[in-house]
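Asker: Below is one structure. I have some questions about it.
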Amino acid sequence: MKLKGEKEESSDHDDGSKGKMTLTLALVALISAFGSSFQYGYNVSVINSPAPYMQDFYNQTYFDRNGVPMDSGFQTLLWSLTVSMYPLGGLFGSLMVWPLVNNCGRKGTLLINNLFSIVAAILMGTSELAKTFEVIILSRVIMGIYAGLASNVVPMFLGELSPKNLRGAIGVVPQLFITVGILTAQILGLNSILGNAEGWPVLLGLTGIPSLLQLLILPFFPESPRYLLIQKGNEEQARQALQRLRGCDDVYEEIEEMRREDESEKEEGQFSVLSLCTFRGLRWQLISIIVMMMGQQLSGVNAVFYYADRIFQSAGVDNKNVQYVTVSIGAINVVMTLLAVFIVESLGRRILLLAGFGLCCVSCAVLTLALNLQNTVSWMSYLSIVCVIVYIIGHAIGASPIPFVMITEMFLQSSRPAAFMVGGSVHWLCNFTVGLVFLYMEAGLGPYSFLIFCAICLATIIYIFIIVPETKNKTFMEINRIMAKRNKVEIQEDKDELKDFNTFHGGQARKEETSSSDL
């Protein structure tokens, strides 16, 4: 056990000695994000452009089988299933996170996960030859399970690999690849490329290629050192993995920090979702990620994308050119998320969250106004274009990437998988809900539906402002201490530190002792 003074010295030394971006770290971030997160984005937008041709295929197949055309109600049902089965699969995938990452490791889970994607890609690619549309709907579920796992495991894996001063930047990389995936699907889905009657099966099947690459390359990279040391208890392997990731032999401080985390968690063991939800010491962390995930999905990002085409058409963009405008929005999304990678470490998480949700809130409010007035005031349709762009910028710098970074940072090793399972499930459940409800909302409220999104953004901003701490450049234990004060509990650490804690907090500590004995 180290004394407090020594420990602080070592953490100062810490900052100087580590934190470079090594080639191994960069490659493992790229291959994990390209092999997994990229496909989440790709499959979000891949069926938008070829939709009419796929619906013709559904019709034709039905007609060939039954000799009568499909009635329009049934076709609408089939198509909405094709779209909404993806986030539903995502919810199932999120529920598999906890058992998989604890038993197979973070890297192992990513490798196993690729099998889902490859199977789904083969099924979707051959669906036209096999003359079956049911297979497409089934593949969307499988692809959803894949994306549900990927969207949670990649940020967890990369967050555990990164040194503390690069954790935010590397944590935004998966979101960057999600936006690159969306853009790639939009470009390949242009009518002149694959978004046509012949090309759509290829467009759907391409998703297997990144998985295949990841399956071949990722095994040569190290597993998460935290997983190896804290969960597997294998210090030697953890040390070797860290040495490869940091590009130097001296990883003593980081191993020590993991040991301290391990010690302080010995009593609690691995958290299941139920114990996480009932554990007092993690109450605010849990509420925070649920609020941030709900804010991220219910702030209407899918609705804005969905509305974008119509907004541009009403601004006088020609029907043939709307798809190019959609691609340019996808490109803005990528550029802004790339910007977030570079500014998240200097500005911090809190500022980006507040600024991101703030931009979304303002642009939703102005968009409501612009959409209502665009028939009477000629330049309002251009204002609505500006609003869409500002909204996309806001979401890309804060609301999309940061919540996943925060789950990694606010929880320690034992509770992190359960936290990702909760956060991921909320993410996909809200995504699914918006997909289902938005069409009805839009039919009933029209442009006023954006006021609901505006209110949700505002509520999220207020919560983040009051509760969520800055986690930039802090170790997991330091963040845990900040949150422990908020939860009014003590952390079981070195006895010296507890003494210090008591002298600092005199009367308050006594209150806390009584409350921690209630546990």
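Glycine is treated like the rest: Cβ placed from N, Cα and C.
Any TrEMBL annotation is an automated prediction that lacks curation.
In case it helps, TrEMBL gives these features for our protein:
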- 509-519: compositional bias 'Basic and acidic residues' (COMPBIAS)
- 29-472: domain 'Major facilitator superfamily (MFS) profile' (DOMAIN)
- 500-519: region 'Disordered' (REGION)
- 21-42: transmembrane segment (TRANSMEM)
- 77-98: transmembrane segment (TRANSMEM)
- 110-130: transmembrane segment (TRANSMEM)
- 136-158: transmembrane segment (TRANSMEM)
- 170-194: transmembrane segment (TRANSMEM)
- 200-221: transmembrane segment (TRANSMEM)
- 286-308: transmembrane segment (TRANSMEM)
- 324-344: transmembrane segment (TRANSMEM)
- 351-373: transmembrane segment (TRANSMEM)
- 379-406: transmembrane segment (TRANSMEM)
- 418-441: transmembrane segment (TRANSMEM)
- 447-468: transmembrane segment (TRANSMEM)
Asker: Cβ under 8 Å to the transmembrane segment (77-98), counting only same-chain residues 6 or more beyond its ends: which ones?
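Answerer: Same-chain residues near the transmembrane segment (77-98) but 6 or more away: 43-44, 47, 51, 54-55, 58, 70, 109, 133, 136-137, 140-153, 272-273, 417-418, 420-421, 424-425, 427-429, 431-432, 435-436.
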Asker: Under 8 Å for C-beta pairs, could you tell me which stretch among 21-42, 170-194, 200-221, 351-373, 379-406 has the largest tally with the transmembrane segment (447-468)?
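Answerer: Looking only at 21-42, 170-194, 200-221, 351-373, 379-406, the most contacts with the transmembrane segment (447-468) come from 351-373.
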Asker: Within the same chain, where does the transmembrane segment (418-441) have neighbours whose Cβ lies under 8 angstroms from its own Cβ atoms, ignoring anything closer than 6 residues to its ends? I mean 6 or more beyond.
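Answerer: That would be 80, 83-84, 87-88, 90-91, 93-95, 97-98, 101, 144, 148, 151-153, 155-156, 271-273, 275-277, 282, 285-286, 289-290, 292-294, 296-298, 300, 302-303, 306, 403-404, 407, 410-411, 449, 452.
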Asker: Give residue numbers and ranges for long-range contacts of the transmembrane segment (351-373): same chain, 6 or more residues beyond its ends, CB-CB under 8 A.
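Answerer: Answer is 292, 295, 299-300, 311, 340, 343-344, 380-381, 383-384, 387-388, 390-391, 393-400, 402-403, 446-448, 450-451, 453-454, 457-458, 460-461, 464-465, 468.
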Asker: Restricting to CB pairs under 8 Å, which listed stretch, 21-42, 200-221, 379-406, is in contact most with the transmembrane segment (286-308)?
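Answerer: Per the Cβ under 8 Å count, 379-406.
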Asker: Could you tell me the mean pLDDT the prediction assigns to the domain 'Major facilitator superfamily (MFS) profile' (29-472)?
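Answerer: In the predicted model, the domain 'Major facilitator superfamily (MFS) profile' (29-472) has a mean pLDDT of 93.
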Asker: In the same chain, who gets a Cβ under 8 Å from the transmembrane segment (136-158) while lying at least 6 residues past its ends?
Answerer: 28-29, 32-33, 36-37, 39-40, 43, 54, 78, 81-83, 85-97, 100-101, 106-107, 109-110, 113, 116-117, 119-121, 123-124, 127, 170-171, 173-174, 178, 204, 207, 224, 404-405, 407-408, 416-417, 420-421, 423-424, 427-428
Asker: Could you pull out which residues elsewhere in the chain have a CB under 8 Å from any CB of the transmembrane segment (110-130), counting only those six or more residues past its ends?
Answerer: 32, 35-36, 39, 57, 100, 104, 136, 138-140, 142-143, 145-146, 149-150, 153-154, 157, 200-202, 204-212, 214-215, 218-219
